[in-house]
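Asker: Input: one structure, supplied below.
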Amino acid sequence: MSRKPFIAGNWKMNKNPEEAKAFVEAVASKLPSSDLVEAGIAAPAVDLTAVLAAAKGSNLKVAAQNCYFENSGAFTGETSPQVLKEIGTDYVVIGHSERRDYFHETDEDINKKAKAIFANGMLPIICCGESLETYEAGKAAEFVGAQVSAALAGLTAEQVASTVIAYEPIWAIGTGKSASQDDAQKMCKVVRDVVAADFGQEVADKVRVQYGGSVKPENVASYMACPDVDGALVGGASLEAESFLALLDFVK
């Protein structure tokens, strides 16, 4: 079945609201048709209202970079999924390796967040990926498979079918090293096979699997040519409007 490609830029902790607004204004009217490709930006929490206002009426989807699994309460410094939905957020990125690494997020946390995101009417972009050590030990498939299974545990088949899963080998994030086309295809297929084993092939055929890790305008088309790669989660190359638009050129 055909899955609509999804290119999402992850700005990480970059841009103030003014810069974010200028970026969205520069790209909003130049995006390809939403029939061809979905384009999104994951903005820092402090930029979300500016991004949402600037993106209004355009094809640009807006994602938060994280949220908590409770809607409100004594959770100082956390972001409410309920409020993210209320302001108009479409997606929430969860389980990014930087969150797992620096903030000690567990598979269980990520699973709770996925459930909270669905409960509030948004969609999760669930990140998974292995370290260089795990990759070199030949255990990438086993490790990533366990991450995916744990993140999706207890979700309905319908929820899983609309989930986006981003495979990002940690050794390729921001390092300038990117996985080969073969590696990306192999691991994105591992992700899909795990979904098939847990929820059935029909669901697995609907899940969109992104590749992330040093994706640039020059190499995005080669990844998008892989049968199991349905998009990309892009860091550095999504920070400039021109570069972000160039990432979407593969649809031409």
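Backbone N, Cα and C atoms are what each Cβ position is placed from, and that goes for glycine too.
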Asker: May I ask you to find which of Gly40, Gly174, Gly200 Swiss-Prot records for the substrate site already listed with Asn10, Trp11, Lys12, Ser214, Gly235, Gly236?
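Answerer: Candidate in the recorded substrate site: Gly174.
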Asker: Tell me, if you would, which residue among Gly174, Gly235, Gly236 (binding-site residues) has the fewest other CB atoms within 10 Å in the structure shown?
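Answerer: Selected from the binding-site residues Gly174, Gly235, Gly236 on minimum Cβ neighbours within 10 Å: Gly174.
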Asker: So which other residues, same chain and not among Asn10, Trp11, Lys12, Gly174, Ser214, Gly235, Gly236, have a Cβ within 8 Å of the centroid of the Cβ atoms at the substrate site?
Answerer: Ile173, Val234, Ala237, Ser238, Leu239
Asker: Just jot down the residues in the same chain as His96 (active site, electrophile), at least 6 apart in sequence, with C-beta under 8 A of its C-beta; none if empty.
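Answerer: Result: Asn10, Gln65, Asn66, Cys127, Glu168.
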